[in-house]
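Notes for the one structure printed next.
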Amino acid sequence: MEVSLHPVVTQFSYPLFLAASNQFVIYVFAGIYRLIYHHVTGQERVSLSWKNNVRTMAILGAITSLHMGLSNIGLELNTVSLFTVSKSTNIIFILILVLILRLENFSWKMVFIVAMIATGMALFTYETPDLNIPGLIVTLMAAFMSASRWTLAQYVFHKSDLGIENPIDLMYYVDLWVFLFVLPMAAIFEGVSIVQVFEHHGSHLIMLTLLSAMLAFCMEVSKYLVLQRTSSISVSVLGILQEIGTILIAHITLHEQMSTINFSGLVLCMSGATCHAIYKYKHARKRHFLEIENIKLNTTIDSFSDSSDDGLYRKQESYQSTVVYP
């Protein structure tokens, strides 16, 4: 059975408008979730002051919007393979940033894993495209913005005193800023054309926006959950696996041949991702074991302190009972 899609879906070429619409819908979804949660549980969600909102969330929103804008420009200037391998360098930028901000402890194992994944990605997308220097620079800038985005989000979750621990709360505050930053770019580059499309295919455009926003909401929640539980490097690894899946689907559907170099790069990428998962699992298990040991140690100290206080109190009572007053 062959499925036919409406031309507004198959020929849609307004990424900035779609990104702005998605961010606004995600902001609305997050706000509805916060209201329902408060109504059901009676607990207040975290609330940020205007100062913290501008100082942290606006910066994160600006970085995210730059990441989106530069990525779209880079995709226009480069081939898909060159764009993919250039964008995957964000894992190297993330490693540098998390070490600078001391969000991760330095580990040669992690450096080796990052190098393995980056090399594998380069081999997996290896070909001889026409190199576009401006496009390459723009894509590398997008990769740096992506790394900055996830590193700053990791800082908000793990190091800041804002009290944000739930991905929905972070999305509620960040995505509105992303919408406000991306909307002017969409209006400048796509404004006139999108108005004409909306006049003729308004209902299809609204349906496309809602469906893509729901998908984007689920993907963003999953990435922030991974970020909250692990680190920005883990998010980058998942992004690279997503890119591999996309290219594999293209190879299968378009019946493209995969060279030996491409296949070896795929194996290297998957091996690096597996090593990363094992490394994170062992690290989390070790941290959990240390937390249990600390709890046991604190319990022992408290019980010893209580028993010492009781013994001292009994000795004082015994001494007072033996004193003979003249």
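Note that Cβ sites are derived from N, Cα and C of the backbone, with glycine treated the same way.
If you look up TrEMBL, you'll see 8-275 marked as domain 'Sugar phosphate transporter'.
Marked as transmembrane segment by TrEMBL: 12-36 (among others).
For 57-75 (among others), the entry in TrEMBL reads transmembrane segment.
Per TrEMBL, the feature transmembrane segment maps to 81-101 (among others).
Annotated transmembrane segment per TrEMBL: 108-126 (among others), in sequence order. Residues 81-82, 84-85, 88-89, 91-92, 95, 233, 237, 240, 243-244, 247, 259, 261-262, 264-273, 275-276, 279 of the same chain lie 6 or more positions beyond the ends of the transmembrane segment (108-126) yet place their CB under 8 Å from a CB of it.
Listed by sequence, the residues of this chain that lie at least six past the ends of the transmembrane segment (132-152) yet keep a Cβ under 8 A from its Cβ atoms are 59-60, 63-64, 66-67, 70-71, 73-74, 76-78, 82-83, 86-91, 93-94, 96-98, 101, 103, 227, 232, 235-236. Per TrEMBL, the feature transmembrane segment maps to 132-152 (among others).
The transmembrane segment annotation in TrEMBL covers 173-198 (among others).
Look at TrEMBL and you will find 204-226 (among others) tagged as transmembrane segment.
Summarising the annotation, TrEMBL assigns transmembrane segment to 233-254 (among others).
For the transmembrane segment (260-279), the list of distant contacts is 109-110, 113-114, 116-117, 119-126, 233-234, 237, 240-241, 244, 248: same-chain residues at least six beyond its ends, Cβ to Cβ under 8 Å. What TrEMBL records for 260-279 (among others) is transmembrane segment.
Cβ atoms under 8 Å from those of the transmembrane segment (57-75) belong to residues 15-16, 19, 48, 83, 86-87, 135, 138-139, 141-142, 145-146, 148-149, 152-153, 156, 173-178, 180-182, 185 of the same chain, restricted to positions at least 6 beyond its ends.
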